[in-house]
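Some features that TrEMBL has for this protein:
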- 12-118: domain 'HPt' (DOMAIN)
- 135-252: domain 'Response regulatory' (DOMAIN)
- 261-377: domain 'Response regulatory' (DOMAIN)
- 417-547: domain 'GGDEF' (DOMAIN)
- HIS57: phosphohistidine (MOD_RES)
- ASP184: 4-aspartylphosphate (MOD_RES)
- ASP310: 4-aspartylphosphate (MOD_RES)
Amino acid sequence: MPASQQQIQQQLEALQQSYLVRLQQDWPQIVAMAGQLLDANDRGWQSIAKTLKQRFHTLAGSAGTFGMPQLGQQAKALEMELDSWLEIDVRPETELKQQFLQMVQELSNHSSSMPQAIPAPLFQAVDDEFTRKAHILVFSKDGELGKQLTSAMDPFGHQVVSCRTLEELKAAVAVQKPDVLVLDMPQSRLAGGLKKLLQQLLTNQHQPTVLFVVGEKESFNQYLAAVRLGASGYFSKPVDAAAIELRIQRLLALRQQARFRILIVDDDVMLAQHYQLIIEQAGMEAKVVNDPTKMLIGLQGFQPDVILLDVNMPDCTGPELAQIIRFKDEWLGVPIVYLSSETDSQRQLDALVKAGDDFISKPITDQALAVTVFARAQRARQLAEMMIRDSLTGLLQHATVKERLSDEIAKAKRSKQELIVVMLDLDHFKRVNDQYGHLVGDQVISSLANLLQQKLRKTDVIGRYGGEEFLLALPDCSLKKAKVIIDGIRQSFQAIPFSAQEQSFQCTFSAGLARVDTSQSTDENIDRADQALYQAKHNGRNRVELA
């Protein structure tokens, strides 16, 4: 169970105190090593300089994180000075070495100074209890948009409140903060009161409201105006309610997805622990690997969304480790973000060219680290989902849903639990396409997909099998219970009003259910459900039949 924010803050403060203790223990060794550098001969000075450079590099990357930015900056200057000596491979003159030792001694003052307090977190990912039912406010002067969306959203269980004046909108917000606000932009004068209310809703730290804008037409200027209002979506009239509902489902789904997983590879134990706490404080899950040679084990057992990789580590550098990661096809899509106090832009570019995706310079503020990692992880998760999901419905694609069904059959065999496979097909769908056009047909398909996602469990598998056909897998569910569930969805779907060419119409579907036989193949189980679907069609459609 994730630690509370207070617990994490206490752990961060304790870690800062441990860092100070370590610094006080290490500092006499660093000063002594600097003195040895003065007395070293032509053959021995390079070894001491390399070791001392690594010590200052580590200090430069960690001191700012633990509230001592000036110490980190001066350590960086000393690291660069040593780097310049090593680059030309010439032993420095006595005068330069004396100046260097004086810099080290001056740095001692900062090493014993009190660190800055660790600030409370500003960024936290939302961790609300998941629901697929949204509270929606519609702000439209004539109320027509509200009526349309109320009718369209009711079968999905969403609560829609229509507001025609700013006063009504403020009163509705006071009663319950909306998950979604739909703004009829042409009819809504963006007076100061509305702008202020939008700002309050959209910048709510705990859970901001999502703003959708409805406009008369689609154009660059309309899009730009919507973006400047803070909108997450723009829809033109006549409004495609199914498209709005699909967008709502996708936004709500973000709240219930598994926490982002971040793998941190850094040989500095305390610094890595600090990053781990900051990432967990932001609502993500983090795992630390301090030994680069153990990184592959961490990858396989953790399945990260983002890898944070230190550049300068002993035995194996960050770029070398990144190239090893890219040897495996399954890790090609995982973003690798380098963390380093390296300031040489050419070295940063060289690291990115080899295998990385981004470069973060140490020290980095806790807020910047959390936001950067969260944004990277969210984008990576979205791209991964797009690869396996149907673009129209957001459901699993044909190959993926069959693969998931195979996995569920294997689980059912191990657990000896029931598993139901469902084949579902829209009735007379060709008539819809022929009479109203394919765009309207897409709205019908999207509406059914949305309803399935809204009504079924998180553990159920839902996929678009092809065209107007859907494949479902309901684990740990009896055949009798599955029939009740699918029949309930059938009744809800036939109540959804669709409109096109100034006409209103309803659609229905037929479904076939089969209890999975774990001794049969995936295709054989699908075929039995398909036969039950054929029987439902033969018996008059708009019905559910069992195999």
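Note that Cβ sites are derived from N, Cα and C of the backbone, with glycine treated the same way.
Mapped onto this structure are the features recorded in TrEMBL.
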residue	record	Cβ contacts under 8 Å, 6 or more apart
HIS57	phosphohistidine	ALA75, GLU79, ASN312, SER341
ASP184	4-aspartylphosphate	VAL138, PHE139, SER140, LYS141, LEU145, VAL214
ASP310	4-aspartylphosphate	GLY61, VAL265, ASP266, ASP267, ASP268, GLY318, TYR338, LEU339, SER340
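As a summary of secondary structure, the domain 'GGDEF' (417-547) carries 59 helix, 37 strand, 35 coil according to DSSP. Under DSSP, ASP184 (4-aspartylphosphate) is assigned to a strand (E or B) in the three-state scheme. Averaged across the domain 'HPt' (12-118), the predicted model reaches a pLDDT of 75.
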